[in-house]
Amino acid sequence: MSNYAPFIKPYVEYNEHGWGPCEVPELDVPYQPFCKSDRLGKICDWTAMVPEKKFPSKYASTFGNNSQYAYFYEDDDSTFHLVDTTGSKATKPYQRGRYRPNMRNNVRSRGRTGRGTPNIASLGGSTAGGATASTTKYGKGRNTRNTQNMGRRFGRNAPTRIRESSVMVQSDWVSIEEIDFPRLLKLALPNIKDGKDIATCGWLEFYDKLYDRVNLRNEKPLQKMDRVVHTVTTTDDPVIRRLSRTMGNVFATDEILSTIMCCTRSNYSWDVVVEKLGTKVFLDKRYNDQFDLLTVNETSVEPPMDEEGSINSAHSLAMEATLINHNFSQQVLRIGDQEPRFMFEEPNPFEEPGVDLASIGYRYRQWDLGNDVVLIARCKHNGVIQGPNGDVQFLSIKALNEWDSKVTNSVEWRQKLDTQRGAVLASELRNNACKLARWTVEAVLAGSDQLKLGYVSRMNPRDHLRHVILGTQQFKPQEFATQINLNMDNAWGVLRCLIDLVMRQPDGKYLIMKDPNKPMIRLYDVPENAFDSDGDEEEESSDPLSNSNDN
């Protein structure tokens, strides 16, 4: 037993006042600063991983890189020295190239002529809008257009514009349905045949071919035509009242149909009154409504502001565009007692004694939309022209107007209209997509052979009363619809969807309204006397262009 070492019991401290050790250990433990953004690596790597060449400090700490923050345990003061306040440049932490564009495979920025210089010749030399790309120092290409919006990032800083509704929604109106534009864009009603004429009224004058020669060197001033255009609603049309007794169950005008069929391109608010009487539906408009005014730059990035008293406000520009369209459509015709006219079967239903009416021919046409839905609409032509084979071709004459190219940041017509007419039309398609689509739909519904577009500009950007004609252009409505990406099957589908929605409702009055601030269509059930207060001024609203010569 003596050969073994004796067993000595270890000393165990006993804490009478608590638990844990009785003596506090040494507190002078050095503190190592750290950074919370450091990437966590492995504690020990037995595989001897090869360090990265591109980012050698990938797993290194980014806190305390300067030597003055390093910890050295020394008891004496022999190593005491002053701290250099300048410090060295800290190593940037490792970050992935998340927001850095990869320029290695960017062909557009390098081109084929050099590593970093864009090839101007390969890009066409100029943009579609007419702005040429300028090359700055060190070969970096920069586009000088839209420089005032370069500070914005994807339009985040753009102010939100709150538009007003076309009609004030009352508390006693009942909301029936809300349909957003993405749902409407998926609709389609194919294989709709061309409309069949059931009545033709009025007369038309022939187009003056001298206006096809108008250009920037040979511009013509726009005259003020003292002619009256009646904008009669659907229910007040005597021909539609006569036809509704024997045929059809849906009645409307071409302006109302084009507004509904092109609703997915609209930004401004509008409304259409619907009256359901048994199996018949009448699509109508309110009295004293601004429904017949043409919008200006509705679909542009920066539409006109609503400034009272300004000639460039949204309402002033709409009035100006409407008068320009009326005057241009009558000026380009061969007017005179000795000039020939094309007469329809019936006289103008809105003719009044002693009133000089505008040259407009009305065609009441019928379409079969399926499921016992028969549409009858009043369409119109503005003129006729002698075809190459001696036949008569119907025209829809419209006018685009330029008010201030610097304010709208668009192509200046007086510089680009003769040489780059496609760029001018592309700019108008971008700024007035809804208006051009409506004109195209109206021409297709009426069966026009040609769509005449005139380019009218102000003589002075500050004068909204005097204008000049800078040129004209013609299209076939069906081909132009394809160019502007207008799908007629979708347009018929949108119309049929709203008609079916109203057909399922009981008899009464309804309102289809475009939401002023959302891409959405709303259907309301309104009282029978909702808009009767506007009917007292029916006569004034029926001819808003009768005094166009006073403006």
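Every residue, even glycine, has its Cβ placed from backbone N, Cα and C.
Because the structure is a prediction, the values reported are computed rather than measured.
What Swiss-Prot says about this one:
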REGION    91-154  region 'Disordered'
COMPBIAS  95-113  compositional bias 'Basic residues'
COMPBIAS  121-136  compositional bias 'Low complexity'
REGION    290-304  region 'RNA gate'
REGION    527-551  region 'Disordered'
COMPBIAS  531-542  compositional bias 'Acidic residues'
Folded-back contacts onto the region 'RNA gate' (290-304), same chain, C-beta under 8 angstroms, at least six residues removed: 161, 166, 231, 255, 259, 265-268, 270, 312-315, 317-322, 325, 401, 403, 408-410, 430-435, 544
Composition by DSSP (helix, strand, coil) of residues within the region 'RNA gate' (290-304): 3 helix, 0 strand, 12 coil
For the region 'RNA gate' (290-304), mean pLDDT (0 to 100): 90
